[in-house]
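Peer 1: Copied straight from TrEMBL:
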type	residues	note
DISULFID	Cys134-Cys173	disulfide bond
DOMAIN	8-231	domain 'Lipid-binding serum glycoprotein N-terminal'
DOMAIN	246-449	domain 'Lipid-binding serum glycoprotein C-terminal'
Amino acid sequence: TNPGFVVRITQAGLDYANQQGIAILEKELAQLRLPDISGDSRVLRVGKVHYSFSRLRLRDFHLPYSRITPISNVGLQVSISNAFAELDGDWRVKFLVVRDHGSFNLKLENVYIKISLRLGSDTAGKPTISTSDCRASISNVRVLFSGKFGWLYNLFHNTIESRLRKILEGKVCDNVVKSVENELHTYVRTLPVTARINDKIGIDYSLVAPPRATSQSLDTDLKGEFYSLAHRSTVPFSPLPLAFHSDHDRMVYFGASSYFFNTASIAYHKAGALVFEITEAMIPKDAGFSLDTSVFSAFIPQLEEMYPNMPMKFRLSAPTAPFLTIGPGGISFQPIVDAQAYAILPDASLAPLFLLSLVRNVSAVINVRSGHIVGSLDVGRIRLSLKNSAVGTFQVRTMQSLMNILASSTLLPRLNARLDEGFPLPLLERIQLSNIIVKFHQNFLLLGADVHFQPR
């Protein structure tokens, strides 16, 4: 299934995500809990020595150098190098009739960690992430003992350091797996796979395939489909393949296809949301006319006889869902609108007068604000035709200017007010966008942005 919406995280975005993730992992590793260890060792000229280490406390764990790399068709690889840590603890020793205790300090240097992350999606279309492999190696372990018999430990420090190295390497990877599951996996699942626009319309942002790593980015294909909350039906057309090419100077790019916008048109049409009424109260005072039969009788003389000096109203509706096209020049469409005119009788009932067909060239300006796609419409001159009339025939071109003013001063502001509220982008929690760019390509709109993560 081709996606209707694509999210691309570039290397710059992955580097930023890595920076945030490493900061979390560093805090997790600094809270490592290490078990007490004990054992026996034979020391030359001393004999069997029993030792124990307890109350091992990590002071800190620093991960100064890390790199995240997308591996094509595999996932993500995080490489951490030159990490270092320090811990304290207590020791006890017993040999022959001698017993002693003291404290020790342990330094870990040149710690290398390699983490492979597997990317997927669940049955609900939410992303998943897990650790497919973790390897930790510690090149340098140095233990410094204090106490009366601290020199004794120095005789078999290789044994102690080897045991501590093995324990720590295992504990580091255990902690990485736990951190990925508890922190990273939980966080990526905050991606909203459905977004409710209002009480009638929603957007389906579920994944149609697992996230895909390429040599330069991480791409996620989403359904990108608007739907009616009351009755969801199959869209009568499929998304076209997206020739998704983007620059790499922003952290994230969103590709919204014409399918995405045209399903919005269908959903709003089916929900009855593309119906507007224009009454006298909505006419701006500076428009220079009132919405009544005395004004329109200048174009339709018989109105004066049939419905003299009566208020009017128009009911505007789209007989079919308007379809738009996206190209390098922008977004454009040519909606057809039926305008049914009524006279409002003294008893408040409506008398149908005439039905006009309005055709207008429309272009759209798109931007992103507060994580929402927002827009405004710019319209050309209306072309009128008469579909039927209850007041006889008349020349519709004579009221061309009046209908232009009527639509521009009342309908257009209402549409633009709705578009200014915007439609939410599929964003993880606590993500803010900046440095936004908007570009148009054949069959899709490309939005680029940098990302700022707001910690709790």
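Glycine residues also receive a Cβ, built from the backbone N, Cα and C atoms like all the rest.
Remember, predicted model here, so these are calculated numbers, not experimental data.
Please go over these features one by one and say how buried each is and what sits next to it.
Peer 2: Around Cys173 (disulfide bond), the same-chain residues six or more apart in sequence whose CB sits under 8 Å from its CB are Ile113, Cys134, Arg135, Ala136, listed in sequence order.
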Peer 1: Which whole number is the mean pLDDT over the domain 'Lipid-binding serum glycoprotein C-terminal' (246-449)?
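Peer 2: In the predicted model, the domain 'Lipid-binding serum glycoprotein C-terminal' (246-449) has a mean pLDDT of 93.
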Peer 1: Test of understanding: give the count of other CB atoms lying within 10 angstroms of the CB of Cys134 (disulfide bond).
Peer 2: 20
